[in-house]
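Colleague: After the structure tokens below, expect a handful of questions from me.
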């Protein structure tokens, strides 16, 4: 039986066109106990000018794997807001941190410690750019565009592809791109990936804590857009077993010293420091990453640290133009598609600047 969950866009538009009477709808968004996204809406009397004007709220943490049932209230503290592309007008999407009743950060609140680290080393002006790969599925559990009960042709024609027989889900990708631009998310590009039904968007450059904020909001927007098309987004690093590329979250990193003349030395110094903490990085570089980091399909092996110029099979890649210019950034190819960007950006800064 076919399963459908597409939005009735035409009917919905009739209601979204109604006047809101000066009120503002604010969608409070947070990260749950399993690394997923949750949200709920509240009404504001007016549009806030600063995040500090937004109220604290709460939710039932026992339903999101964030609190026990006998003490289930978890607090939502707004930390950033964006324009809402779904409701339009003055309506907002509000990214929140989660706190326990005693005021301590919830165990899933990795933003709290990341923000402290970014503030401590703010003079380095750390920039990040993350390449988020993901896979689109239909409501019946098949990768979008794949034949039911079978497999498409082998990888090769799908990367950066054009054509209905090789590019699957472009409408979703285009809608998501425009939603990000409207909302203020720093999306910098998109492309079809190596496995059919798999795509990538890039966010950045973002400085410090903004990297995590903008990537999480971009993920939320993608899942909401996919709802409209009756599609499901997977961030699993190896959604299809076998001879198919996995999904990563390549993380590009630079400091001001790396971007200035002679910055290649600072890049090599950072790589040397990251090499000594390979295990600590892998520990926060995503669940099931061992299924992806096999040494095949453009990855290094999870147990080994390596780097090289223009080497997509290395842990750390120095882009060829960076080596030629003697300054720029490095690309950490180890993070999986399901990372928490707060944890990844924090460990990179800790390893290279502490």
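Note that Cβ sites are derived from N, Cα and C of the backbone, with glycine treated the same way.
Sharing the features that TrEMBL gives for it:
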- 24-103: domain 'GS beta-grasp' (DOMAIN)
- 110-354: domain 'GS catalytic' (DOMAIN)
Colleague: Helix, strand, coil: count each for the residues of the domain 'GS beta-grasp' (24-103), based on DSSP.
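Modeller: With helix first, then strand, then coil, the domain 'GS beta-grasp' (24-103) has 9 helix, 39 strand, 32 coil.
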Colleague: State the mean pLDDT for the domain 'GS catalytic' (110-354).
Modeller: 97
